[in-house]
Amino acid sequence: MLKIIMPTIMLLPMTILSPPKSLWTNTTSHSILIATLSLQWLTPTYYPYKNLTQWTGIDQISSPLLVLSCWLLPLMIMASQNHLQNEPLIRKRIFITTLIMIQPFIILAFSTTELMLFYISFEATLIPTLILITRWGNQPERLSAGIYLLFYTLISSLPLLVTILYLHAQTGTLHLMILNLTHPILTTSWTGALSSLALLMAFMVKAPLYGLHLWLPKAHVEAPIAGSMLLAALLLKLGGYGIMRLTMFMSPLLNNLHYPFLTLALWGALMTSSICLRQTDLKSLIAYSSVSHMGLVIAACMIQTHWSFSGAMILMISHGLTSSMLFCLANTNYERTHSRILILTRGLQPLLPLMATWWLLANLTNMALPPTTNLMAELTIMISLFNWSAFTIILTGIATFLTASYTLFMLLMTQRGILPSHITSIQNSNTREHLLMILHIIPLLLLILKPELISGTPL
């Protein structure tokens with residue numbers, strides 16, 4: 001555990017002390033080294049917890065998410081190079097420092113075995129994200145986006161803190177392993193129902209559930225590219241991970257509590273997919289699509305079967321890589337045309353043919369084409385939901401259909417059609433962007449060969 005956290009923290013002095021010429025090179029190469037080191041966490045094991053220290057431990061549910069968070073740090077640094085090149089050196093250093101500061105908190109949040117530490121690191125990821133959005137966003141609306149993000153997260157997670165303290169008062173421990181072994185404290189009384197609602201609510205907002213999702217498109221549209229990648233790929237997964245962790249020891253709970261969440265999640269997947277069909281803003285479209293994908297994850301976590309848990313796990317990992325890649329592509333368009341409106345950035349295929357290949361690949365993974373883990377995950381989730389109630393196949397079926405249609409709509413709008421007359425000259429795509437796309441798509445294509453690495457099966 002420490003052999004990842006310590007180098008990550010040592011990235012901070014490296015950022016501050018690197019000479020200006022080799023700032024990007026040093027931070028990127030060092031974080032790629034950390035990412036390759038973290039791959040050892042994926043080795044399957046018979047033990048419930050690997051690398052167990054007093055407060056942290058890695059099991060099958062957290063190891064894929066941990067590797068994903070280490071993998072994305074170099075990608076975020078690589079993606080941010082272009083829009084920071086005209087800024088003064090001190091601002092570049094502050095930007096990279098902010099990105100690196102999030103990393104230990106996310107690693108702690110995913111690997112902790114103690115609820116209080118989980119809550120603290122869960123909340124601590126909010127501050128650097130807020131700095132990223134409100135300082136490096138593109139439009140003046142970034143302040144309102146930051147306020148939305150802050151207040152949604154804080155209002156939903158204060159009841160979580162109260163409930164964690166209540167659990168501690170009842171059982172005398174907050175250690176997850178011991179909580180799994182003790183008798184369930186949350187009975188079917190009103191207190192139990194309300195406290196489990198409070199436990200779930202914070203993660204439902206973070207995940208986000210349809211109806212509590214309004215902060216997400218705002219934050220995504222205003223964030224810089226690294227902020228968007230971070231939000232889509234890691235912070236949404238904190239919500240899903242929290243639901244998986246906490247529903248495990250809330251088992252004898254009122255089933256009635258699960259019904260509204262399930263209905264909202266599935267209905268929300270359908271609604272946000274149809275909202276995507278009417279979007280004019282590219283980043284907003286990708287943000288709404290991640291709401292619909294995370295709706296499936298929430299629905300799967302709510303029914304708590306082995307199949308649905310492993311489907312939710314695989315979908316979280318593959319969605320993290322896919323939507324992060326889509327945001328990178330949207331950003332390459334934005335850097336060249338300085339517009340996110342779909343009508344103004346259409347017909348780019350003849351100008352950037354290689355980028356069009358990446359667009360095609362990313363969109364095909366987004367709509368879950370066969371050789372990708374997205375398909376495996378969506379099928380697993382749909383089968384387990386169908387097994388729970390046959391009626392859900394209508395909602396999931398329509399949602400899948402709508403996903404395919406808005407993905408194709410996005411592909412056709414950005415790549416096909418007549419070139420707008422205001423685009424006269426455009427930069428070529430460069431090696432850095434192609435490498436960025438390769439590092440996103442290669443894990444996606446390789447994981448289907450051995451999906452049990454990320455399926456989180458031995459619960």
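All residue numbers here begin at 1 and follow the chain in the order shown.
Even glycines carry a Cβ here, placed using N, Cα and C.
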Task: Which range of 64-82, 311-329 is transmembrane segment, per TrEMBL - done: 311-329
Task: Cβ pairs under 8 Å between the transmembrane segment (311-329) and the transmembrane segment (435-454), at least three - done: yes
Task: the transmembrane segment (93-110) versus listed stretches 116-133, 189-209, 259-278, 381-414, 435-454: most Cβ pairs under 8 Å - done: 116-133
- [ ] With DSSP as the reference, give the number of residues of the domain 'NADH:ubiquinone oxidoreductase chain 4 N-terminal' (1-109) in helix, strand and coil.
- [x] 81 helix, 3 strand, 25 coil
Open item on the list: With Cβ-Cβ distances below 8 Å as the criterion, list the same-chain residues six or more beyond the ends of the transmembrane segment (435-454) that contact it, or say none.
Closed with: 42, 44, 64, 71, 74-75, 78-79, 313-314, 317-318, 321-322, 324-325, 328-329, 358, 361-362, 365, 371-374, 376
Task: Stretch-level contact, the transmembrane segment (189-209) and the transmembrane segment (285-305), CB cutoff 8 A, at least 3 pairs - done: yes
Open item on the list: When you look at the transmembrane segment (116-133) alongside the transmembrane segment (221-239), do they share 3+ Cβ pairs under 8 Å, ignoring any pair fewer than 6 residues apart in sequence?
Closed with: yes
TODO: Rank 116-133, 145-169, 285-305, 341-361 by Cβ pairs under 8 Å to the transmembrane segment (381-414) and hand me the top one.
DONE: 285-305
